[in-house]
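Take a look at the structure set out below.
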Amino acid sequence: MAAPKVAVVGAGVIGLSTALCIVETCPSCSVTVLSEQFSPNTTSDVAAGMLIPHTYPGTPIHVQKQWFKETFTYLFAISNSAEASEAGIHLVSGWQVFKNTPKEELPFWSDVVLGFRPMSEAELQKFPQHQFGQAFTTLKCDCPPYLLWLEKRLKATGVQMYTRKVTDLWELHSEYNIVVNCTGIGAHQLVGDKKLFPVRGQVLKVHAPWVKNFIRDGDGITYIYPGIHRVTIGGTREKENWNLSPDPGTTKDIFDRCCSLEPSLQGAQDIKVKVGLRPSRQCVRLQREVLSQGGVKLLVVHNYGHGSGGFSVHRGTAKEAARLVRECIAALQGASSRAKL
Amino acid sequence: MRVAVIGAGVIGLSTALCIHERYHGLVPSLEVEVYADRSTPHTTSDGAAGLWQPYLSDRGNLQETVWNKETFDYLLGHLGSPAAKEMGLFLISGYNLFTQPVPDPSWKNIVLGFRNLTPKELELFPGYSYGWFNTALMLEGRSYLPWLTQRLMQRGVKFFQKKVESFQEMFAQGVDVVINCTGVRAGELQPDPELQPGRGQVIKVLAPWVKHFIITHNIGSGIYNSPYVIPGSEFTILGGINQHGNWNEENNAQDHKTIWENCCRLLPTLQKAKIVEEWSGLRPARPRVRLERETVRHGQFQAEVIHNYGHGGFGITIHWGCAMAAARILGTILQEQPLAGPPQPRL
C-alpha cells in the first residue's frame, strides 16, 4: 500500500510526543497533527510539567514505572544538552512534605528520580506543620517551550499541523488510514468515554525568581514548582468540575496555602491565574479500535486519560501508542495483500 | 563614645549593624559612623555571587568554622521573614564536584541535607567521579548591602563617603574606636604581608533554567580556580578564577575565555545563555581572618582599633559570626571605660 496516512488528533504533550514517536519509528508514514487548540492554549500549558508520577489504580505498577523511566531517561538526556533551554527542560530539586507519615514511604518511582532520600530533621524544621518528607531531584518540562520544541521537531520532519475541531473520528476516514486519538479531556465528547472525567485544577503562575526549589505537599493539592521564568503554584483537584474560568476565592486560597509553605511568596509579582481540566481515568486508555461503516474501516489508536500524570509518562505512552500504530499498519498491509489475491 | 567603621562592604555594614543593635540601648552616648570610599554596588561584596559556602578545609582555624555556622543559622532564621526577599536571601541546592574522593567538609552538618552524589547524578558531569549535594543559602550582595544600609540609616548611623588615609586621622577627629573592615586594601592603613588579593573574574549571564549551583574543585589548582556556576535571583554567575597576588581589577580576555569554555563544558546548556556583564574583584585573601583588637598610640593617648578583615572568598559566608565577635570585642572595650562620661583621657 502507499505510505500510510496517520492523523494524530490533539496537540498537547500527549499528541505531539505521540506524533514524534510515530515519525521516529514509522519512517514510511505520513503524519498530520489536527487539533482544536495548540500551545499556549492546551491543558499541558496550564500544568507545571513536573516529573512526579500519578498512580493509576487500573494499571500494573511495573508498567507505570516503565513509562516513567522511559520518559525520565529521554528528558534527562535533553536536559543536559545545548537544547535544554529551548526545549524548556531543566532539573529541579526540592521536597515533598507530609503532615502525617504516609503508609508508603518509598513510592514506586523513588529510584528513577535522582538522589531520593527522607528529609533530615533540620530540613523538616522549615515545615513546622509537616512531620515527614522526601527530598529528591527531578525534571520539569516548561510549557509553552516544550510543546513549541516538539512542534519544531515535527515540522522539521515534514509533519503538517492544522487547527481543526474534529467532532467525530469517522469524519477522518476518507483522508486517513489511521487516527491516533490524543484528545485528552476532549475524548469525553469525541468518543463518548464516560469513564473519563475532568479533575479541575486552578494554578497561579507568578514571578518569584528567588524560588529555586520545589515544595509539594504529599496531599498533591498544594505545591510550588519553579519554572524557567515563572513559578507555578497551586492548586485544586475538583472532580467533575468542567469550569474553565478562574475563581477569585480559589486564587486567594491557593496563595495563602503556598505562602504558608514558602513565606517568601508574599513578594511574588505579576500573578497570572490559569485553569486546566486533568483528563482523569482509572487507567490511560492505550488501545486499538476498529471503526467501520458500510464495509469501510478506520483504524484508531487511543492514547488519552493521563489525568495528573501526563508529563510524567508521556514518552512511555507515546512509544506504546506508536507500537500500536505499527500493529495497525501491519494489519492494513495484511488486508491489502489479501485484497490483491 | 564614637565608633567609626571603615569599609562598607558586607563586613563593615554588618559589623556596624551588629554593634548598633547590641549597644545602642545600653550606651546612650554611642555614635556609630561608617566611612568608605566605595559603597554598594561598587564593593567586592557586590560582585560576589553570594553563595554561603566555606572553603573545603578550615585551614586549622576552628574559630572560623564557628563563625560560619553562626552566620548560616542567623540567615536561616531570617528565611521565613518578610525581609528575606529584600535582603536577597533564599535557599538554593546544588553540587560540589571532584575528580577523586575527598573527606567531608567541616560544614557538612551546617548546611541542609548534605550527602554524596549517586552514580546517576555523576553522569551529568563527565570528568568528575565524586561529589556532594546539599542545600545552602544565597545572600546576594546587591540586595543585602542596600538592606543593611537602610537598616543603619533608619537607626541614625551616619555615612561618610571618603577615603580614610590613616587610623590617626580618625582619632584626631575624636573617634574613640575604629573598626577596620577595609578588606583587600587594609594594607594601606597598616602593612600586612599576610593579606594578598585573590583576583577573581566572573561572567554574568541570563540562564534562568539553571536552578542549582555547581562548584567544581581541582585540588591542584586551588579554591575557585576551577569552573563554577551559581544562579542568582536574576542572573547566573559563571566563574573559576582566583589569582593570588594579582591586583588588576580590569577584566581580562584570556580569563573570560577560560571561564566561558570551562563553564560551557561543565554545563552545555549555558551555550545558549546571554552574556550580560563581566566583573573582576579582589578577594581579601589571608591565611586566617584578622579579627582582633589593637591598642594604638595616639599622641599621648591610647585608642582602639578592632580589625575585621581578610575574609577571602568567604566573606558573606562568615560575616555575621565575625560581626558578633567584633561586637564582643567592643563590649570589652566599653567595659573598660570609666562609668561617667567619655573615655580615656581627653584634654
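From the backbone N, Cα and C atoms, a Cβ is placed for every residue, glycine too.
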Suppose a student reads TrEMBL and sees B:Tyr228, B:Gly313 listed for D-serine. Which of B:Arg199, B:Arg265, B:Arg283, B:Arg286 should they find annotated at that same site?
B:Arg283
Other than B:Tyr228, B:Arg283, B:Gly313, which residues of the chain come within 8 Å of the D-serine site, judged by Cβ distance to the Cβ centroid of those residues?
B:Ala48, B:Gly198, B:Gly200, B:Ile223, B:Tyr224, B:Gly239, B:Asn242, B:Gly312, B:Phe314
I'm trying to understand the geometry here, so how far is the Cα atom of B:His217 (D-dopa binding site) from the Cα atom of B:Arg283 (D-serine binding site), in Å to the nearest whole number?
18
Residue pair B:Thr182 (FAD binding site), B:Tyr228 (D-serine binding site) - Cα distance, angstrom, rounded:
27
Around the Cβ of B:Thr317 (FAD binding site), how many other Cβ atoms lie within 10 Å? Please give the count over every shown protein chain.
29
How many other Cβ atoms sit within 10 Å of the Cβ of B:Leu51 (FAD binding site)?
22
Taking the Cβ of B:Thr182 (FAD binding site) as the centre, count every other Cβ atom within 10 Å, in any protein chain shown.
27
